[in-house]
Amino acid sequence: MFKAEKIGGRNVTASASTSDVKLHSKASEASTPSRYPHRLNFYDRPPVLDITLEEFETCAIDRLRVLAHIESLNHRSLPAPQFSAAVATYVKAHLPLNSNSARSANLEEERRRDEIGHWVLRLAFSRSPDLRARFIRSELSLFRERFTSDDLNERNTFLRSMKFNWEEVGPTEKQELREDLMACMPWGKESKKNDAFNAEKWNKVPWYTVPDLIGSRRVFVKGGMAYVPNSSQISLVLQAYSARLETALELTAKNLPRLDEDERLGPVIDHLASSFLSGLAAGDYQPADGTSGAAVTAEMVDDLARKHFSPCMRNLYERLKRDHHMKHFGRLQLGLFLKGIGLPLEEAVIFWRRMYGSSMTDDKFNKEYRYNIRHSYGQEGKRANYPPKSCQQILTTNQPGTQDSHGCPFRHFSPDNLATFLVSSYPTLDRSSAEMRDILDSVKNSHYHVACTRVFEVTHGLKKGDGLGKDGETVSHPNRYTERSREIEADRLGLVKKDEEEEDVVMAE
Amino acid sequence: MAIDMAAAEYDPSSPMVMQAFYRRIFPYRPFFLWLNQDHVPSKLFTHREFAFTLAGDVYLRYNSFANADDFKREVLRLNPSRFEIGPQYTARPRDRKTLAAGALQPIRRELVFDIDMTDYDEIRTCCTDKKICRRCWGYIAAAVKVLDHGLRDTLGFKHLLWVYSGRRGIHCWISDPAALDLNDDQRKALVTFLEVIKGSKEQAKKVNVRGSKDEGDLHPFIKHALKPLGPCFTKLCLRDQECFQSERGYENLLALLPGDQQIIGRLRKKWQQSPDRSSSDKWNDLALEVDALDDKTAIGRKFIKAREDIVLQYTYPRIDAEVSKHRNHLLKSPFCVHPSTGRVCVPINPARIDEFDPETVPTVGELLKQLDNIPTDTDDKTRKGDDYEMTSLKPYVEMFQKHVDAVLRDTKGSRKAAKEESMEF
Ligand code: SF4
Ligand SMILES: [Zn+2]
């Protein structure tokens, strides 16, 4: 039974008699170093740790961000090497976990945070079969990345410590099956195959425990058993990890209702799950506050909108231009976005005044709207500096009503309207193209940001999988979308300029 | 005239005929035991989806039943033209409206395969479209042999039930506990493992199982399948179907050869000049060309591999992959009546698949007629046993019963069954 209770102050105790997660309050007793002899971890033993609510949350969010990123990469169906490279880069930056040989790193701390993050997310993700499946899938990719990048000796020590009960193929059977086993050996030249065969070892497991190897016909199968060579061991390890995780999550799910008793953990966990469900991890990207960099003027907005606005902002801007009017949440979404791309307050006032045009008297504008604009720039009221909204906020908060134009077109438009909107806004997109099908498919599966990323790729002449053009980054913020779009343009202009100079082009007439 | 009358009387699209069939002939008891795998109703039956097709193409999904009697009552009430079987769900499918969203998930289900003659249309010459005859049944027979062997010896399953689909195909139901437990990913992986023929009409070469460069060795499973398929190819494709007799036929063959224009050109010229060369002759012509090549050269090896791939393309099982991949796929039940042929979907013994003739499968009309011929005085409560025992369906039900017994012996039900029996005697 998972039970979490508050024990005074800032510390939290959570105890579970079946899964036995214990996050308790005595602030001194750190876990012993021997808890993490290996970098790799199956998370078999629930941690008993001192932990503050804040740590509870930050460890989880760090991991959540990585898992969400992995999931979106997963949905973009990248080629395997590109996928693993993208995972590796991201994991290294956001959830580092070093080998024992890495002397400089604070191994103990890294591993502890890694473990806490995993266990907290188990709670958040155990609640529905869908969430469980998605959690397992992303966790497996994470594990695979770490497994393949692990130091070979350390990895073997880890595997020995796990004591898997794989059935080893004995020498007699190995010789009997020589021809068949060799036929499934993918590696090496014909002449080297004999040596490779003699050096290799096989384990037997029921075929359905290694579906990936079966599907790709990479193993010999007989009597229901798959003969897995050590070179394909990763499949066995992942399968074992996945099976254990699945069982553990189901168990947690059964015991989860008790968790609601704690009024502090509940909301944290709810938030984690819903962030993931909207396909995004919270606040990866910090947009500029509008005070740095080259300023944008009211004059420039129209051009920028056409070239660089994310679909949601493009839509808002076009509506505003057409209707000379916009409801509150639309103004807020667009206004904060413009602030984020560098439109200073004075220019914002000019911009909005111009957009409302004659539909509004100067008097009314000055009385009602000027204040709101100044407010959003932190110049009125409690002088808070409101940040531009992230995709997650746009996707999940203030759902637009029928009269509203704010929100995310991918999420809030019907597929038909979405297609029409995209085709009319982005001439490079064809309604019956494969790209459009990709986009609509992602939308159908509720991967809105993946669809948006695809639009970015297509409209910026990037390959599928390039994302925002850096490490296959996925769209997570309209301002980031615009920032990258402008950077790409600047890069290209730079190149073109250089070309022009070199070629010494003379433009006649 | 009399024959016409009889046919009209026993038209399978007539509600009266189907009603009589469901009342007197359908083998409810073994059917229940087969799905339930126990004598006492288990979730394997009570949480199982049944879908009924009624006259006028009304389709009723998410039915479920407490036991065999409950099921029978509803079948008699609805009198469906046919019905399909789905998976065991996490809850009773009929309660689905009162369940929380997402609470009804498929969990267990027999592993099923579907082979249909339509997928063979491009390589059969005797019939087209919905027709089937003993000759083109040979393709199905070849497929059953390879699959039956593969599913047993390679994948380790024991309880396979092959069932005629009523017109031009065959289904296979696997009831091993390990098969029931497979999740969708595992089913997909298995199908990908078994599937060799892939590609659309537009794609000439449909066998691509040698890696990206098309040069690798065959996986042992496919290699072993080639052994029985070789003779099949000679008998069925060359002699019986004459697959390469027509110009279209031999052009299809040439399109499957590696790109050596000299060899292809020579063969084409020869075959154009003597149009009556049989398929066997042409296959020999190709063999001579291949023999002349040095098997140590790249092109030589390519031709040898291409010949194996051609045999596969013409004889390897063509399964409908989608049917097998998902637990919630519905498949027509054994012992249903095919609405247009009137034939009963009977079990088939895979060991005698070559002798099977779809034309001899009992139709609902024949069965009812056989019952009508029984003197009425035996048709009351004094009579022992079921009505089907007096019809030509008997051997098929017995075969089914034997299969069900074997399944039960291997499951928990077996112990109970043994107990009941010892008490009876
Ligand atoms: S995914 Fe984000 S950036 Fe793209 S349209 Fe939706 S909210 Fe805007
Ligand atoms: Zn035929």
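Using the three backbone atoms N, Cα and C, a Cβ is placed for every residue, glycine included.
Unlike curated records, TrEMBL annotations are generated automatically.
Feature annotations, courtesy of TrEMBL:
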type: BINDING; residues: A:C312, A:C391, A:C408, A:C452; note: [4Fe-4S] cluster binding site
type: DOMAIN; residues: A:303-481; note: domain 'DNA primase large subunit C-terminal'
type: REGION; residues: A:1-36; note: region 'Disordered'
A:C452 ([4Fe-4S] cluster binding site): tally of other CB atoms within 10 A of its CB: 26
Where A:C312 ([4Fe-4S] cluster binding site) sits in the secondary structure, as DSSP reduces it to three classes: helix
Cβ within 8 Å of the mean position of the Cβ atoms of A:C312, A:C391, A:C408, A:C452: remaining residues of the chain near [4Fe-4S] cluster: A:S310, A:P311, A:I394, A:L395, A:P409, A:F410, A:R411, A:Y448, A:H449, A:V475, A:P478
The one of A:C312, A:C391, A:C408 whose CB sees the fewest other CB atoms within 10 Å, among these binding-site residues: A:C408
Model confidence over the domain 'DNA primase large subunit C-terminal' (A:303-481), averaged pLDDT: 88
Secondary structure at A:C452 ([4Fe-4S] cluster binding site), reduced by DSSP to three states: helix
